[in-house]
Each structure stands twice: as C-alpha cells, then as structure tokens.
Amino acid sequence: MGANNGKQSGSEGKGSSSISSDLSSSTDQTSTKAPKNAATSEDSDLSMRTVSTPSPALILPPRSSSAVLNGSSTSSSTFGTETIAMVHMPPTSLTHPQRCLRQPRDQQGAPVDILPDHAFLQIFTHLPTNQLCRCARVCRRWYNLAWDPRLWRTIRLTGDVLHVDRALRVLTRRLCQDTPNVCLTVETVMVSGCRRLTDRGLYTVAQSCPELRRLEVAGCYNVSNEAVFEVVSRCPNLEHLDVSGCSKVTCISLTRDVSVKLSPLHGQQISIRFLDMTDCFALEDEGLHTIAAHCTQLTHLYLRRCVRLTDEGLRFLVIYCPGVRELSVSDCRFISDFGLREIAKLEGRLRYLSIAHCSRITDVGVRYVAKYCSRLRYLNARGCEGLTDHGIEHLAKSCLKLKSLDIGKCPLVSDAGLEQLALNSFNLKRLSLKSCESITGRGLQVVAANCFDLQLLNVQDCDVSLEALRFVKRHCKRCIIEHTNPAFF
C-alpha cells in the first residue's frame, strides 16, 4: 500500500519488484540478522492487518534500494527508518519481463479459473494478508479482485514506527479509484498504538471516509481537538470513538470552541454512542459539559483517570445524556458522594459503574446508587476505603441482579457484609475481595453455600484458611479461585 499512479515507495533493506515478493521472502526464506532498531520480516507480516477483510497490500518495515523496470518504479529511495505503505501495479509483462505470462497453447487454464468473481471474493475474505498478497500476483483479474472495495470495510494499522499518515493517504487514494474522493465502503478505521499518527492522518480519514462508523486512535498522543472536530463534522454516522491516551483531546463538539456557551448547536448532534476518553488528563468539567451537550445519544462512556473532573461534570452528563448504560470514573480523585447522587439519576438504565480508587466515596454515595439503580449488573468499587458493611448491605438488598462486584482493598468490609451479599445476590458470578483485611473463611463459606453460580473468586492477600478454600471448591465447582495460599491447588 503506498504510492499512487504507478509511483511506489519503499524503505531500507532488500529491494523487490512487488509487495507480494517482499512478503514471500519474509515467510519462505530464512531472515538475516537485522540491524539494531530495525523492523524484522516478521514485523512486516503483522504491521497491517484487517479484522475480517484482509488487504493485498502491506505496511512494510524499513528497506532500502530501488529498482526500475521499463520506466516503472517498483521500490523507492530510502526514507531513513520510517515505515511506509506500498501499493504495486498489477502483474504484467512489463513489471515481470522475465516471466512469460502467456500460457502455452497445449496448456489449459486452471480449474479454479472457472469460478465467478463473487466466489473469489468470498474466498479472499478468509485469507490472511500475506496470502492475499501472493494471490494478487497471479494475474490481473486476481489483482483487481483483491482490491475490491468490499474487502475493505475495515482498515487496521499497527506499529510504532509506521508512517501511518502516509499509509492512510495512500490507502484511501487507492480505494477511491472507483468512487472519486470518497471511500464509501470503509466503516472502521483502527490505528491504535500508531504513535506517529497526527492530525494530518485523521484529516485524510475525515475527508475520504464519510460512512465511517468506528474510529480507534488509542495511544496516538499527537491527535488534538482539531482533528477530532474534522472527523465528527464530516462523518455523521460515527458511533464508536476511542481516543484513550490522547492527552491533547479535551473536547468533542461540532465547533472548534471548547466552551458550550460559545458553540450553539442549531439542532445538530453527534451520533456517538460509545466514547472512551481514558487517560485524557486535560479533560475538565467544561469540556465534559460540551461533550454531553453535543453527544446526547451516549450509552457507553469511560473517563478513567480523567483526574480533573469533579462532581459538577457528572451533573452536566446526567442532564444531557440520560441514556448512559455504562460509566467509568475510576481514579477520578475529585468524585465524591455528591457525584454518585447525580449518577443515581440515571436510575434503571445504568448497568455498569466503575468508581475504583475514588477515595472520597463512602456508604452514602453507594446507598444512592443502590436505591435508584436497581438494575445494576456490574460495580467496581475497588480501593474505596470509605465503603463498609452498611454500604454492601444496601447494595445487596436493592441490586438483586448484580452479577459482578469488586470490593478489593476495602479494609472496612468484613464477613458481615459478605453474609448480606450471599443472602440476597444469588445471581453473583464474579466477586473480588483482594486485599480485604477483615475477610475470613467464615464469610467465604456463606458465599459459597448460597451463590452456586459463582465463576470467579479473587481472595488474594486475604486471611483465608485452606479449609475455606476447599469448601468453596466443593460447592462452586465451576468457580476459578485466585488466591495466594501455596497449600491450595
């Protein structure tokens, strides 16, 4: 994947006449010792993949040298250590002068040639990238089929050294040949971990992929609000956005202004339902206010380690996004019981809540959630040191459909709280009590005797006897026990 109109670029290392020959050499031949900090041939096989629709091109690691055959460049000049995408011309007698493409008169075509195009496409959807590259070298028909846009609903690029901006530009340009300037079939772009991605790469996606529904740029710390604005403005069908680890992203809106007061909506909304802003450290209450006002259809929101958020930001969220089903504010140190009181206004719609390591939360806030969010299925309260047996009792009696509970590192939770949990939460499947200093084997036995469907129990760093662990194993036969007792196995 990489050049356009016959112009192709390569990288340092061996030159080759086609992308598939590079790939073949990486899988069929013994690789030589690579220089320090250089990507290996194995990396080239893994550096670009599609989730379910592999492509006949590859994001190649650094190589060198170039070759020109009859005026058509098949590799390019050196670009230092950067990795680029290559898109090669279909095999012809010009690009392969040593190979006779004309079959002998007495040789008939292979039986596979009688298959119709739609059968080939169905087969190609199941091939990995390197095999599809080899298929693209067979003949012009196979090359054209391998680049059929229907095989490109998903674009996935990985690699720290990948020149992802150029790869996206070349890919979208190649896929736009049948529909000038737009790739109508591309619905998913996944470039998480490509640290060299910049706003320029997202501009390319925004301009070329108007039907985009899912975008993942986790860990791409060079992405800013400007690029996100371009994507949400030009891709009206976007539903899933992952910008976790993008520390420069502080707002998602249809205007370039962070303040909601300076950005009138005029009836326009963003259709995002899933938003992950984990580790967006610069996000503040004002930014969350703007996000909530523009993304009113949110159902899944993850704000882990957004350390500047307070209870006020949660108030805005509940006002504009009443349909939130999953919410995580783990490690948000300024969130308190007042914030949980606002979250409780989501009532029966809330299914998943993570408040791990929110040290200001106590039984009071948990009581609000237990009273109004009776359909809660998952609660992570690990490290909430203010939580006691009273909070667990309210939770157990009100949230009867609770399936997963993490109360590890809650030193005030004891066997009394576990007894209330066991007598009410019969649907419990996952329970973590890691580092709960007040838990003993008596509480575990009560849980095991009542929660028969328990599938995972974490009692690491707990003062639990060997007999109690064996009791759990006898009564909960499908339960996986995570423990630190060397005598139990």
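Note: Cβ is positioned from N, Cα and C throughout, glycine not excepted.
The compositional bias 'Low complexity' annotation in Swiss-Prot covers 1-31 (among others).
As annotated by Swiss-Prot, region 'Disordered' applies to 1-76.
What Swiss-Prot lists as compositional bias 'Polar residues' is 32-55.
The compositional bias 'Low complexity' annotation in Swiss-Prot covers 64-76 (among others).
Among the features that Swiss-Prot reports, domain 'F-box' is placed at 109-155. Per-residue confidence over the domain 'F-box' (109-155) averages out at a pLDDT of 75.
The repeat 'LRR 1' annotation in Swiss-Prot covers 168-193.
Residue counts of the repeat 'LRR 2' (194-219) by helix, strand and coil are 10 helix, 3 strand, 13 coil (DSSP-based). Residues or ranges marked as repeat 'LRR 2' by Swiss-Prot: 194-219.
Among the features that Swiss-Prot reports, repeat 'LRR 3' is placed at 220-245.
Sequence annotations record features per position, and here Swiss-Prot assigns repeat 'LRR 4' to 251-279.
The annotation repeat 'LRR 5' is assigned in Swiss-Prot to 280-305.
The feature repeat 'LRR 6' is assigned by Swiss-Prot to 306-331.
Per Swiss-Prot, repeat 'LRR 7' is recorded for 332-357.
Per Swiss-Prot, repeat 'LRR 8' is recorded for 358-383. For the repeat 'LRR 8' (358-383), DSSP puts the residue distribution at 10 helix, 5 strand, 11 coil.
According to Swiss-Prot, the feature repeat 'LRR 9' maps to 384-409.
Sequence-distant contacts of the repeat 'LRR 10' (410-435), counting only residues of its own chain at least 6 positions beyond either end whose CB sits under 8 Å from a CB of the stretch, comprise 381-389, 391-393, 395-397, 399-404, 442-444, 446-447, 449-451, 453-462, 482. Marked as repeat 'LRR 10' by Swiss-Prot: 410-435.
Annotation source Swiss-Prot lists repeat 'LRR 11' at 436-461. Same-chain neighbours of the repeat 'LRR 11' (436-461): 407-419, 421-423, 425-430, 467-469, 471-472, 474-476, 478-484, counting only residues six or more beyond its ends whose CB sits under 8 Å from a CB of the stretch.
Long-range contacts of the repeat 'LRR 2' (194-219) within the same chain: residues 157-165, 168-169, 172-173, 175-176, 181-188, 226-228, 230-231, 233-246, 276, each at least 6 residues beyond the stretch ends and with a Cβ under 8 Å from a Cβ of the stretch. DSSP places the residues of the repeat 'LRR 7' (332-357) in helix, strand and coil in these numbers: 13 helix, 4 strand, 9 coil.
For the repeat 'LRR 9' (384-409), the DSSP counts in helix, strand and coil order read 10 helix, 4 strand, 12 coil. Long-range contacts of the repeat 'LRR 9' (384-409) within the same chain, counting only residues at least 6 positions beyond its ends with a Cβ under 8 Å from a Cβ of the stretch, are 355-363, 366-367, 369-371, 373-378, 416-418, 420-421, 423-436, 458. Residues 303-311, 314-315, 317-318, 322-326, 364-366, 368-369, 371-384, 406 of the same chain lie 6+ residues outside the repeat 'LRR 7' (332-357) yet bring a C-beta within less than 8 angstroms of a C-beta in it.
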